[in-house]
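Asks: I'd like to ask some things about the structure below.
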Amino acid sequence: LALQGAFVEHQAILSHGQTRLPTAVRTLLVRTQDELAECDALIIPGGESTTMALLARLTGLLAPLREFACSKPVWGICAGAILLASGGIVGAKKNGQEVIGGIDVRVERNGWGSQLESFEAELTVAGLWDPNQPFVGVFIRAPVRYPSPIKVLARLPSSLLPAITSQETFERQDPQLEAHSSDSRTIVALRQGRHLLTTFHPELTKDDRFHEYFINECVLGPPADQIRDSHAPVAKAIPIYCV
């Protein structure tokens, strides 16, 4: 999706040719309904979620994007994660936040505070090629909590959680959420069906393994109704912290 944000960086990674993919990948910068109709999958980049949603509405893309997410793979990165959230947004701007939906999470904007709280962290990610090699996550105000049914791909060490969050707010709204996780705020990458969500920015590194994962597992993988995580609890939509 090329309405706003870091779409050029994603295109550069996908265009340089991943040697571990079983098929060639053609990229397309999507700004119109006709361009969206050509796609088999979509990446919604990091950027400014309110601006993206406004531009999607102004260009007539909002409804087609919602329809697309009902049947095709979508990967949301940071601001894109906000747009994929079906469970509502905490801390939205004054006039609210329109979303595309597709993943059962509730999002809180600016969970890490200001831009000064941005950081990098090494992540151990199940399912990536060479999983023993840490993936460097670039975090720009964005941890994640726990949706369901879900496949958790990566967590942050709890020592890196922000000192001040809306944890108590979420627990008051649904005190059973934390029973499903040691601390769901540490979840920073997750998958639901053929949708992928990361609250960090893989496109800001030279490591293409998350792009490879999205293509191999979400785009070329089994149909969504065949994807299950036997360890996933059944819970309500839960919070994410994002830009």
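Just so you know, glycine gets a Cβ as well, placed from its N, Cα and C.
Annotations in TrEMBL come from automatic prediction, not curation.
Straight from TrEMBL, here's the annotation block:
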- Cys78: active site, nucleophile (ACT_SITE)
- His201: active site, charge relay system (ACT_SITE)
- Glu203: active site, charge relay system (ACT_SITE)
- Gly47, Glu48, Ser49, Arg109, Ile140, Arg141: L-glutamine binding site (BINDING)
Asks: Can you grab the distance from the residue listed as 'active site, nucleophile' over to Glu203 (active site, charge relay system)? Cα atoms, rounded to a whole Å.
Replies: 11
Asks: If we count other C-beta atoms within 10 Å, could you say which of the recorded positions Glu48, Glu203 has the fewest?
Replies: Glu48
Asks: Counting Cβ atoms within 10 Å across all protein chains shown, which of the recorded positions Arg109, His201 comes out on top?
Replies: His201
Asks: For the C-alpha pair, I'd like the distance in angstrom between Arg109 (L-glutamine binding site) and Glu203 (active site, charge relay system), rounded off.
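Replies: Between the Cα atoms of Arg109 (L-glutamine binding site) and Glu203 (active site, charge relay system), the distance comes to 21 Å.
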Asks: Out of Gly47, Glu48, Ser49, which of these binding-site residues is nearest Glu203 (active site, charge relay system) by C-alpha distance?
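Replies: Checked the binding-site residues Gly47, Glu48, Ser49; minimum Cα distance to Glu203 (active site, charge relay system) goes to Gly47.
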Asks: Cβ-Cβ under 8 Å from Gly47 (L-glutamine binding site), same chain, 6 or more residues apart: which ones?
Replies: Gln4, Gly5, Ala6, Cys78, Ala79, Gly80
